[in-house]
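**Q** One structure, as structure tokens, below. Some questions next.
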Amino acid sequence: MQELVIRRPDDWHLHLRDGGVLRGVIGDTSRHFARAIVMPNLVPPVVTSADAAAYRQRILAAIPAGDRFEPLMTLYLTEGTDPDDVEAGYGSGLVKAVKLYPAGATTNSHSGVRDIAKAMPVLERMAEIGMPLCVHGEVTTPEVDIFDREAVFIETVLDPLRRRLPDLRITMEHVTTKDGVDYIKEHAGNLAGSITTHHLIINRNAILVGGIKPHYYCLPVAKRERHRQALRAAAVSGDVRFFLGTDSAPHVDPLKECACGCAGIYTSVNTMSCLAHVFEEEGALDRLEAFTSLNGPAWYGLPANEETITLRKANEPVRYPAKIETEAGLITVFDPLFPLYWAVA
């Protein structure tokens with residue numbers, strides 16, 4: 001049996017939701033991951049440091065006994081966000097980053113930014129104090145094709161923002177295109193990118209071929225195969241600017257399996273198994289630790305975890321549940337469409 005020992009991983013982009021869903025999903029992350037950047041797009045969103053402190057307490061209360069897990073809190077950027085509150089939250093260590101959602105870009109993003117100029121006082125303060133900005137990198141203007149949203153965002157929003165505030169540390173979250181990968185590679189400095197598990201595995205065919213597959217629908221939407229290959233190359237390269245952010249996003253089945261289904265794929269259950277498969281397929285198992293456990297902490301100015309986990313490759317496929325039960329209902333687990341042989345021991 002093949003074994004791989006790596007430092008305990010972190011998840012640099014995670015949705016935990018709240019209430020019954022939070023209590024149902026938190027263990028799937030805390031079992032294997034030491035830390036996670038927790039997204040603030042609740043209803044209502046986490047917009048102040050006080051909101052973040054209260055949400056953090058709800059997360060801590062939901063962690064299964066015996067698990068050691070640290071939620072890293074973020075604030076939801078609005079056009080009315082108070083720079084002083086942001087600085088105070090960051091200075092206290094409570095808040096690790098601010099999240100920019102263009103209004104309407106994804107789940108619970110209607111409170112997001114419509115005019116980035118109105119958020120400039122906060123962004124200028126963040127640049128001064130070295131606080132990271134996590135960006136959902138898509139435009140939402142109706143004339144832009146959904147498959148082009150990321151490339152247009154880079155050209156019309158991200159690049160001008162970086163020119164105006166070159167000291168602002170920006171995480172381009174859930175990169176989905178070759179355009180995004182190339183932009184990060186070509187622009188040294190305060191820029192890095194997270195990559196999801198599922199975007200390394202599926203392209204847009206998974207959603208559309210043979211019928212609509214709602215459990216492969218996410219935002220940013222999966223793209224063409226050439227983009228998936230670019231993401232794989234970046235993830236397995238060892239480049240310190242790329243790291244894991246699963247964007248694991250639980251929705252109960254009725255919210256996915258309907259006429260207007262929610263965007264999000266739930267990967268927390270089997271992410272490490274999927275990633276071991278991908279990195280083995282690419283001949284890069286020796287660089288899995290960098291992607292999951294080293295590059296992210298380095299970017300966020302945190303020490304790498306001292307604890308380790310062991311991944312073992314079995315002779316027979318590992319069985320994962322197709323769904324998990326929560327107080328709010330069933331949530332479908334990501335199916336990578338191939339058998340998984342690696343599992344955390």
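Indices start at 1 and increase along the chain as displayed.
Even glycines carry a Cβ here, placed using N, Cα and C.
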**Q** Among ASP179, ASP182, ASP239, ASP247, which residue shares the Zn(2+) 1 site with HIS13, HIS15, LYS99 according to Swiss-Prot?
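**A** Zn(2+) 1 site check in Swiss-Prot: besides HIS13, HIS15, LYS99, the record includes ASP247 out of ASP179, ASP182, ASP239, ASP247.
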**Q** Say Swiss-Prot lists LYS99, HIS136 as binding Zn(2+) 2: which of HIS174, HIS187 is in the same site, per that record?
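**A** So, going by the record in Swiss-Prot, that would be HIS174.
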**Q** Quick one: which of LEU72, LEU75, LEU168, LEU219 does Swiss-Prot put in the substrate site with HIS15, LEU16, ARG17, ASN41, HIS136, HIS251, ALA263?
**A** LEU219
**Q** Work out the three-state DSSP category of LYS99 (Zn(2+) 1 binding site).
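**A** In the DSSP reduction, LYS99 (Zn(2+) 1 binding site) maps to strand.
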**Q** Filter the recorded positions HIS13, HIS15, LYS99, HIS136, ASP247, ALA263 down to those whose C-alpha lies within 10 angstroms of the C-alpha of HIS174 (Zn(2+) 2 binding site); answer none if the list is empty.
**A** HIS13, HIS136, ASP247
**Q** Here's one to test understanding: among the recorded positions ASN41, HIS136, LEU219, ASP247, ALA263, whose C-alpha is closest in space to the C-alpha of HIS13 (Zn(2+) 1 binding site)?
**A** ASP247
